[in-house]
Amino acid sequence: MTDLAAGPESHVAFVRTTPAPHVARPPLPGGPLHWVRANLFATPLDGALTILVILLAWWTVPPLLDFLIFDAVWSGSGRDACLPSAQNPDPGACWAFVRTWFSFFIYGPYPLAERWRVDVFFALLVFGTAWMLWLDAPRRDLGAAFFFLALPTVSFVLLRGSTTIGLEVIDTALWGGLLVTLVVASVGIVVSLPLGILLALGRRSTMPAVRLLSIGFIELVRGVPLITVLFMASVMLPLFVPPAWSPDKLLRALVGIAIFASAYMAEVVRAGLASIPKGQYEAARALGLGYWRMLALVVLPQALRVTIPNIVNNTIALFKDTTLVFFVGIFDFLRTIEIARVDPAWATPVTSTTGYAFAAICYFVACHFMSRYATGIERRLAAGDRR
Amino acid sequence: MKRVFVVLLAACAALATGAPAEAATLDNIKARGSLNCGANGQLPGFGMPDAQGIWTGFDVELCRAVAAAIFNDPQKVKFVALTAKDRFTALQSGDIDVLIRNTTWTLSRDTQLGLNATGINYFDGQGFIVRKSLKLNSALELNDAAVCVQQGTTTELNLSDYFRANKMRLKSVTFATLDEALKAYDTGRCDAYTTDASQLYSVRLKLARPDEHVVLPEIVSKEPFSAFVRHGDDQWFDIVRWTIFAMLNAEEFGITKANVDEQAKSDNPEIKRLLGTEGNFGEALGLTKDWAVRIVKGVGNYGEVFERTIGQGSPLKITRGQNALWTKGGLHYAPPVR
């Protein structure tokens, strides 16, 4: 080793004395072509799948766009507008029909002069929902009180009417369209969350009576399909009680849906409760907190935070399940479209397709919004874990 | 909780002893201030809301006629949209006072369900629609034809009965829904399409070229539509039945919505009895003397209602056919008011 340390004069053949020249790094694989190769055609199977998907899109997307947009009929006053004609030999979606019936899709048979009440309800609902969903909103405790207590009461009085405050009473048989869908969905959510939490706590309770009742309720309701609950409520219940006591049709469906949603919500919340380590309970006890304060201050805030994505998921499912009230003769959003599409004044070969396309778009937009919200919340919660 | 349970038990007991202690239906309706009428929510021409949410249709107008007879206001009706499944339960349980929902009068419905049919208000039956290009004049020429039909309906059974009875060969092509069957017919999968005649007309408008299709004259089944009420309240039964008779009689005597006040001054004894200027037939029904005037003023006579909702004044353009008065070659024959 002394040879090497001898200084610059010593010439050893395998040691270079000048620095190597800088050479540009070899090109990294890159560029659009590489991306395509790496992502779309990495293996023969990938390649085949890619071609299949492109072909599928090629076959479905252009005709869909043609139908929904390019060949669509946007204005007109009757079926003649949407029938094949010289200018438009193969008419697409008949949006003129949706425009004519639009107010029916929103309000159903709700009396024309009183529809401002529904508009106010929509505004209140949007306000309350935004307050609840916007996590940085001021006074969210007030927001919760508004959403869970004030909103249902005010909405009921507003929509149904009350002679004492001079609002004409509108029978629920006249409610319909988006109004009913939103009422059913929001009642389901507003009732199922608190009731679900109570049931979940009941199921984890150490008191046998409470636990058995909770388990019995949850398992019984989860064990039957929603449509069965609705049929029971709307067909069987009136046979058991005298007509004077029989609640109206919408209320029966609401109770059915609320019970059903609560059972599912209970299981979601229970999963959240189970995820809280036992140490948290013990620490809360050690601080001298009682059962309810332990739940309110330590356990539930953590448990609910974990379950928010699942709660939103449940909400999406519930929102779509509301279409089942269709089967018990309530005019929900989908049912109003079902009615409108048989209107002889608009009877054309494309009317039904247009109606269903409109329903699909509306439901997709609503559900997509909810799922985006859930994703946002998830990301926000995950930020805490990443730290 | 316990109290609720006791109350529920008591309710069941009351029901079991057969004591829903029905007060007279008419009194209930008057106390409530409106008639509860079970209707079809989505049958064009018979019962469905329009784009403004106002109920329209033939059956709907009959409900309004009953309300007009009671309240002198055809708008005092609450319509309950019913599906084919829950229509009878809704009536049995008292949710509605009368069911007018394109419901066929059959023996079993009249007896086993605890209901009464009040009388035929529309004669329907199954018919066929074919392409004009086939140049058919009668359903009897349909031998060997492919017929599109909805699965599992009486329509399907009637179809095969008709072909068997007439010794024709049938190639029926069945579909789960009416819409699918119609689509198949429209695309040329079948030579003919069959359903109730009242629906054939509205269904025809959904075809790509409605003018190239024609409804054949044969009606191959009997589907008489009737209003239904519960057993056990004969006064109410009479009111519903005679409301429709009054409309038919009004048409027979030429009493219309426009000229009813004028006709009330008529010297014709039959008109006088109907419109209550002679005798007190309305009071015998539990209504007022001018009950028929109220009906005709509120909705019009039978012919007016027919033309407005399903006849020439509507997009359906159903011809009167069997539904004309007996004086004009139809089947409607109302007993006299006397």
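All residue numbers here begin at 1 and follow the chain in the order shown.
Just so it is clear, glycine is given a Cβ too, placed from its N, Cα and C backbone atoms.
These figures come from a predicted structure and were not determined experimentally.
Summarising the annotation, TrEMBL assigns domain 'ABC transmembrane type-1' to A:178-367.
What TrEMBL records for A:48-70 (among others) is transmembrane segment.
The transmembrane segment annotation in TrEMBL covers A:91-110 (among others).
Summarising the annotation, TrEMBL assigns transmembrane segment to A:116-135 (among others).
If you look at the transmembrane segment (A:142-161), the same-chain residues 6 or more away from its ends with a CB under 8 A from one of its CBs are 114, 117-118, 120-121, 124-125, 128-129, 131-132, 167-170, 172, 175, 179, 183, 186-187, 190, 193-194. Per TrEMBL, the feature transmembrane segment maps to A:142-161 (among others).
For A:173-199 (among others), the entry in TrEMBL reads transmembrane segment. Nonlocal intrachain contacts for the transmembrane segment (A:173-199), taken as residues 6+ away from its ends with a CB within less than 8 angstroms of a stretch CB, comprise 104-111, 118, 121-122, 125, 147-148, 151-152, 155, 159, 214, 217-218, 248-250, 253-254, 257-258, 260-266, 268-269, 300, 311, 314-315, 318-319, 322-323, 325, 330-336.
Per TrEMBL, the feature transmembrane segment maps to A:220-241 (among others).
Residues or ranges marked as transmembrane segment by TrEMBL: A:253-274 (among others).
Here TrEMBL flags A:316-334 (among others) as transmembrane segment.
What TrEMBL records for A:346-366 (among others) is transmembrane segment. Here the transmembrane segment (A:346-366) has long-range neighbours at 67-68, 78-79, 82-83, 91-95, 97-98, 100-101, 105, 319-320, 333-334, 337-338, 340, meaning same-chain residues at least 6 beyond its ends whose C-beta is under 8 angstroms from one of its own.
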Spell out yes or no: are there three or more C-beta pairs under 8 angstroms between the transmembrane segment (A:220-241) and the transmembrane segment (A:116-135), with each pair 6 or more apart in sequence?
no
In the same chain, which residue numbers or ranges, 6 or more beyond the ends of the transmembrane segment (A:316-334), come under 8 angstroms Cβ to Cβ?
105, 108-109, 175-178, 180-181, 184-185, 188-189, 192, 226-227, 230-231, 233-235, 249-250, 252-253, 257, 260-261, 264, 359, 362-363, 366-367, 370-371
